[in-house]
Amino acid sequence: MRNAYVDQFPAEAKVIKAAFWSSFLALAIGGSLGLLQALHRTDVLRIMEAPDYYTVLTAHGVLLAITFTIFFLVGIFTWGVTTSLDRGLVDLRFTWGWYAMMVVGTVLVGVSILGGVVDAIPMNADVLFTFYAPLQPHPAFYVGLVLFVVGTWLAGADWFRTWLAWRSDNPDERIPLPTFMALTTTLFWYLCTLGVALSILLLLLPWSLGIVDSVNPLLTRTLFWYFGHAVVYFWLMPAYMLWYVMLPKLSGGKLFSDPLARVVFVLFLLLSTPTGIHHQYLDPGIAEGYKFIAMTNTMFLLLPSLLTAFTVVASMEHGARQRGGTGYLGWLKALPWRDPVFTGMALAGLMFAAAGFSGMINAGMNINYLVHNTWWIVGHFHLTVGTAVALTFMAAAYWFIPQVTGKELWNRSLGLVQVLVWFVGMTFMSNAMHRSGLFGVPRRTAEPQYENFAFEPAAGSMGEINAQVALGATLLTVSLALFLLNMVMTSLGGSSDEIPDNTYAETLSGPEDAPVVLDNLKLWTAIATVLVIFAYTLPLASIIDAGGLFGPGIDGFQLAIEAGPAFVLESVREVIA
Amino acid sequence: MRISKGALLVVIAVLIPFIVEFRTALSWFGIEISVLESLVLGAVVVLAIVIWAVWPPNGDAEAEPTGSS
Amino acid sequence: MNIHTYEKAWLVAAMVLIVGFMATITYGAVGPGIAMIDDDGGTIDPAEINDHERFGEPGVEHVGDDEYEVAVVAQAWSYTPEQIEVPADSEVTFYVTSRDVTHSFSVVGTNVNTMVIPGQISEMTVRFDEPGEYGILCNEYCGEYHHTMEGKLNVVPEDEFDLTELSVDAPSEVEAGNETTITANVSNGMQEDLETTVALEIGDQGSERDVTVPGDGSEEVEFTVDSAELGEGDHDWTVTVDDYEETGTLTVVNATDGGDGSAASGGDGDA
């Protein structure tokens, strides 16, 4: 008797399937645009005008960092909550409601960005993922973002009410680990999105509609990063969840420690938000002390990630030894390397370790000056969100799509090749990006070729760096195509009885070893709130005090000038003269 | 086979960054090797690993892990 | 809570690593004195940049001893000034602000790197130990032609650095037999007095004048030119002060010709 997720929760499986396909669609579009950019930047193939690069970059950033990751997240968390509580969602109409809201939000944002290259759409949102005012998008861009975020809030409410319903039936039980993870993640998501939602609704949207005529760019920027760093943990947490609850089982063993997994997620709840100012080490108008506080919090965030590295590797070793592995390192041979789900997640974890090292450099307040806004940063986050998250999600899809459709994976070997090609492609691309950042090559730049100077690599040449990036991006696109092919072919296939049961990893040290206080979500939320107040009240107060809530008459700019740069430069010079 | 085909593929994939960066590392010591030489070197190392992997293990000290899951 | 021994060891090692990182950075701030961009620069209304005491006339200013201040205005898609020259081994404080959107001011290959946010003034003090040439670029997206935004920073040896400017006022033609005047204006942006020599060469004649230009001031030097000695025709002239040179042409015309207007332009401009 088959006991896959679709057999246990057929209605929820439909929602999850819809969320996954929304996510894959964003991945397909955003990923392909990535190739276009990589080839343009490296001057291998330029099929678009330089200004269009920024439209494409906006779409790439928003579709991959927000749409792809978060649609997948809501699918995974819905799976985790329902599976671990062993009960369905309270009201499926509500569930479809938040899903629809997220879709509408995405479409609004997508169309407004598309307006940057399609003349028929009278919109423009060439503001990149960070939408720093006074660059000004069409109001639809802001409205879409808000709808999307509110959709995720309702998704969180859905998981909470399901948990509360379960709680009334099971008053004395510990919160099952996957649910615990989903709930703590949702809590810090509420905390951090509050900042950007207020920023958009009270400051940016009225400004873009012409209701108020000015913004304070430093204020909206600070409110963006109030959300902007926590969001990276938001999309990382489902990957962590999979590493904790899936990877040990795939390795053939059990999770090393349930209590420490809880500690890790509590630490993320506490520290995700009061770190955002570390993206603003180079910003004027923020005193050094506030930057130092953000750095301290950031450095302590290394702790849960280092703990995760230990637990995940220990769990894998445990699994390998259950499978007959021996020796100090010989057990590695006993791991199920032919399984794309395992191999993809393991390689994603390996690359995340590398990303951790470059992240430590970024977090260092003084070393950051060398790499801030260089291509190094892009290399860093292509290892984190672009591999630790994306590769884990793709690998997980090889397990989840059969679970939610009841159809067997079309081609497992192709899946293995796909995750390996991603790993190799990302190695080339992110390594070259990191290296070029060290000698000052900027990020977010369509054609980084300057008239007054040339970049001087410490080793190798700029041409070599560009070749590695172009090669890497091409391999990544091939990998992406293989993934999508496998997903489509799987969905076209027939129902199968060979689907494994829907379970997750058991633990060596279970929740009974974890202090009950770890499950006290109110307490942790209260402490997290206090930390946020501590980290943000004074900086925000001083920014508002110095520049005003709305700034000194700063208009919006849509820097798209028909006449080209020469004309603008000339007129600017006239103003100066 | 000493290791499974899947593990062999993974080993080769993980080897690639080392081969790429070996060239960079050498240049720090003033040793410049061309891309072609680097490729040849990589091919030799990969070949050696493949031969090691498919060579029948001498003795039966270790059970042969199949790597299937 | 039940924690495995290895995990405890790992936990301790992780904490040591974290505290170690913070210690090195704290040392960097306290020991070698690596300062962060902070709120010292203050705020500014972008609409009033042109009237601002510092940004109204952006550029390099000598403020005493080996201390210099550089005011830079960033706008889509250029810096004003585009070329900056500062002496090596001196304390240079940059003040940067933006006229429109968020930019950066990043000296390539160094840690001189700051965001430039409208309404804010970024202030940072640096010392370049060695002379060299650096590119300046904007690494924050600032609109369609963001990638064309660049500048240049030349760090010159301390003894070769000055803030001397030369401008020359000269007529383009003079009637034969008349005298005329070529006026050199030498300004000195340094705080100390500048002792130098202004030289004029015209035709095959030359004259030199020693001047002392006061600190943060300027001096005018007049050269009287007698057209009778030059004779009719075009005469190229050159005024030099140290490394600065200004050239032009003086045409001596016969009064009866009434001037044929063929004279080349007189020199008038900054060195």
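Including glycine, each Cβ sits where the backbone N, Cα and C put it.
Per TrEMBL, domain 'Cytochrome oxidase subunit I profile' is recorded for A:23-492.
Per TrEMBL, transmembrane segment is recorded for A:59-82 (among others).
Look at TrEMBL and you will find A:94-121 (among others) tagged as transmembrane segment.
According to TrEMBL, the feature transmembrane segment maps to A:141-160 (among others). Through the fold, the transmembrane segment (A:141-160) approaches residues 66-67, 70, 74, 77-78, 81, 89-90, 94-95, 97-102, 104-110, 112-113, 123, 125, 127, 131, 179, 182-183, 186, 189-190, 193, 196-197, 200-201, 204-205, 208 of its own chain, all at least 6 residues removed from its boundaries and within a Cβ separation under 8 Å.
Long-range contacts of the transmembrane segment (A:180-204) within the same chain: residues 77, 80-81, 131, 133, 142, 145-146, 149-150, 152-153, 156, 159-160, 163, 212, 215-216, 219-220, 223-224, 226-231, 233-234, 237-238, 240-241, 244-245, 261-262, 265-266, 268-269, 272-273, 276, 519, 521, 524-525, 528-529, 532, 549-550, each at least 6 residues beyond the stretch ends and with a Cβ under 8 Å from a Cβ of the stretch. Among the features that TrEMBL reports, transmembrane segment is placed at A:180-204 (among others).
The annotation transmembrane segment is assigned in TrEMBL to A:224-247 (among others). Packing against the transmembrane segment (A:224-247) from elsewhere in the chain are residues 65-66, 69-70, 72-73, 76-77, 80, 130-132, 177-178, 181-182, 185, 188-189, 191-193, 195-196, 199, 255, 261, 264-265, 268, 272-273, 275-280, 308, 311-312, 315-316, 341-342, 345-346, 348-349, 381, 384-385, 388-389, 392-393, 396, 399, 504-505, 536: each is 6 or more residues past its ends and has a CB under 8 Å from a CB in it.
What TrEMBL lists as transmembrane segment is A:259-277 (among others).
Long-range Cβ contacts of the transmembrane segment (A:289-313) within its own chain (Cβ-Cβ under 8 Å, at least 6 residues beyond either end) map to 240, 243-244, 247-248, 255-257, 260-261, 263-265, 267-268, 271-272, 274-278, 280-281, 349, 352-353, 356, 360, 363-365, 531, 534-535, 538-539. Look at TrEMBL and you will find A:289-313 (among others) tagged as transmembrane segment.
As annotated by TrEMBL, transmembrane segment applies to A:341-361 (among others).
Using a Cβ-Cβ cut-off under 8 Å and counting only residues 6 or more beyond its ends in the same chain, the transmembrane segment (A:381-401) has close neighbours at 5, 16-17, 20, 23-24, 27, 64-65, 68-69, 72, 75-76, 79, 232, 235-236, 238-239, 242-243, 246, 340-345, 347-349, 351-352, 354-355, 358-359, 407, 409, 412, 415, 418-419, 422-423, 426, 429-430, 433, 483, 486-487, 490-491. Marked as transmembrane segment by TrEMBL: A:381-401 (among others).
Taken from TrEMBL, the feature transmembrane segment applies to A:413-433 (among others).
According to TrEMBL, the transmembrane segment annotation covers A:465-485 (among others).
Within the chain, the transmembrane segment (A:523-544) has long-range Cβ neighbours (under 8 A, six or more residues past its boundaries) at 184, 187-188, 191, 216, 218-219, 222-223, 226, 266, 269-271, 273-275, 277, 285-287, 290, 293-294, 297, 517. Annotation source TrEMBL lists transmembrane segment at A:523-544 (among others).
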Contact ranking winner - A:94-121, A:259-277, A:341-361, A:413-433, A:465-485 against the transmembrane segment (A:59-82), Cβ under 8 Å: A:94-121
Per Cβ pairs under 8 Å, the stretch of A:259-277, A:341-361, A:413-433 packing most closely against the transmembrane segment (A:465-485): A:413-433
